[in-house]
Amino acid sequence: MKWLGESKNMVVNGRRHGGKLSNDHQQNQSKLQHSGKDNVKAGRNAGERRSSRCNGNSGFEGQSRYVPSSGMSAKELCENDDLATSLVLDPYLGFQTHKMNTSAFPPRSSRHFSKSDSFSHNNPVRFRPIKGRQEELKEVIERFKKDEHLEKAFKCLTSGEWARHYFLNKNKMQEKLFKEHVFIYLRMFATDSGFEILPCNRYSSEQNGAKIVATKEWKRNDKIELLVGCIAELSEIEENMLLRHGENDFSVMYSTRKNCAQLWLGPAAFINHDCRPNCKFVSTGRDTACVKALRDIEPGEEISCYYGDGFFGENNEFCECYTCERRGTGAFKSRVGLPAPAPVINSKYGLRETDKRLNRLKKLGDSSKNSDSQSVSSNTDADTTQGRNDASK
């Protein structure tokens, strides 16, 4: 995955959909983690060096005016993201989206620190969904889509007894960080965001997934500045405390440039992978990012990024993206006992995968599905009518 202007020096750990990592990939990742952990401390103390590198000639883009540096620890990012999505996205979509703190504490077998270590103040807080307010919260989001009043929406979202208890143990800075994180999610519904979040049940590993879809035309090299990702570095201890394999490790990557694992959450974490992506991630600060269009994007087209060569198994053999389905590769590649794809008569010439042609084919496929469903419905109605007429006779 080319992450924030880096070349192929990033190992992605986790899953977004169909995330079946190969053994070789896991072993390589483990080697990278052990080889890089000695340099984590030095990397953290080099804040000025990292900051200047972001503004230099390393391939990073300029900072966005929308997203200040979050400054959240991994634990804070997990807690803030869980609560923000439960207040904003879950009521709107009608189901619970992915959460980081899915249980009170990782199983004992997954912990690798000694009994003498004291981390009680850093233990992750188990996520508890806000119940009984879903319709009320959804109305708040619908009102925000009309008036776009951030402060008013935040006040309505955080009203109630639960909020008083929640903020009781938070200092002013923690309250500010949480508020800014909620604002990031609210801005997804702004008129000028240029995208929307919709349910997505395409992928086998997700029952209640989501996708990001463009609502306006984006030109090549445009930045989708409100489609924000938030990053927090993970120490080895934090990895053991916060992550559970196959459960909440959907947005974790390992940076060989910074020699540490990084947690990646926020609205951009809902971007799905495609082997022919139309966007890429670009930096907007030390620990934030947005996406940049690689080609023209039409309204209604899903926004996608490339996760990496081995994210869905060896050579992405388990990938379920649209491109793999169209090409007959990844999870759609013919297996033993299944019919092989029709051979190409003349492989010297072929139609290039242009955006317009692919969009036209997709629209034709969608219209064909709709006509088929309408045909089935009309036939069913006709059969029912005929049956009634026969019965009346």
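Keep in mind that glycine also has a Cβ here, set from the backbone N, Cα and C atoms.
Keep in mind the model is a prediction, meaning the values are calculated, not measured.
Pulled from Swiss-Prot, these are the features on record:
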BINDING   HIS98, TYR203, SER204, SER205, GLU206, ALA210, ARG257, ASN272, HIS273, GLU320  S-adenosyl-L-methionine binding site
BINDING   CYS275, CYS319, CYS321, CYS324  Zn(2+) binding site
COMPBIAS  24-33  compositional bias 'Polar residues'
COMPBIAS  35-51  compositional bias 'Basic and acidic residues'
COMPBIAS  53-66  compositional bias 'Polar residues'
COMPBIAS  367-378  compositional bias 'Low complexity'
COMPBIAS  379-393  compositional bias 'Polar residues'
DOMAIN    193-308  domain 'SET'
REGION    13-66  region 'Disordered'
REGION    103-126  region 'Disordered'
REGION    360-393  region 'Disordered'
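Taking every pair among HIS98, TYR203, SER204, SER205, GLU206, ALA210, ARG257, ASN272, HIS273, GLU320, the residues listed as contacting S-adenosyl-L-methionine, the largest Cα to Cα separation comes to 33 Å. Counting neighbouring Cβ atoms within 10 Å of each of the binding-site residues (HIS98, ARG257, HIS273), the lowest count belongs to ARG257. Around CYS321 (Zn(2+) binding site), the same-chain residues six or more apart in sequence whose CB sits under 8 Å from its CB are ASN272, HIS273, ASP274, CYS275, SER304, GLY330, listed in sequence order. When DSSP labels each residue, the domain 'SET' (193-308) comes out as 12 helix, 52 strand, 52 coil, counted as helix, strand and coil in that order. The 10 Å shell around the Cβ of GLU206 (S-adenosyl-L-methionine binding site) contains 19 further Cβ atoms across the protein chains shown. Looking at CYS275, CYS319, CYS324, the binding-site residues in this record, the fewest other C-beta atoms within 10 angstroms of the C-beta turn up around CYS275. Across the structure, GLU206 (S-adenosyl-L-methionine binding site) and CYS319 (Zn(2+) binding site) place their CA atoms 13 angstrom apart. For SER204 (S-adenosyl-L-methionine binding site), other Cβ atoms within 10 Å of its Cβ number 12.
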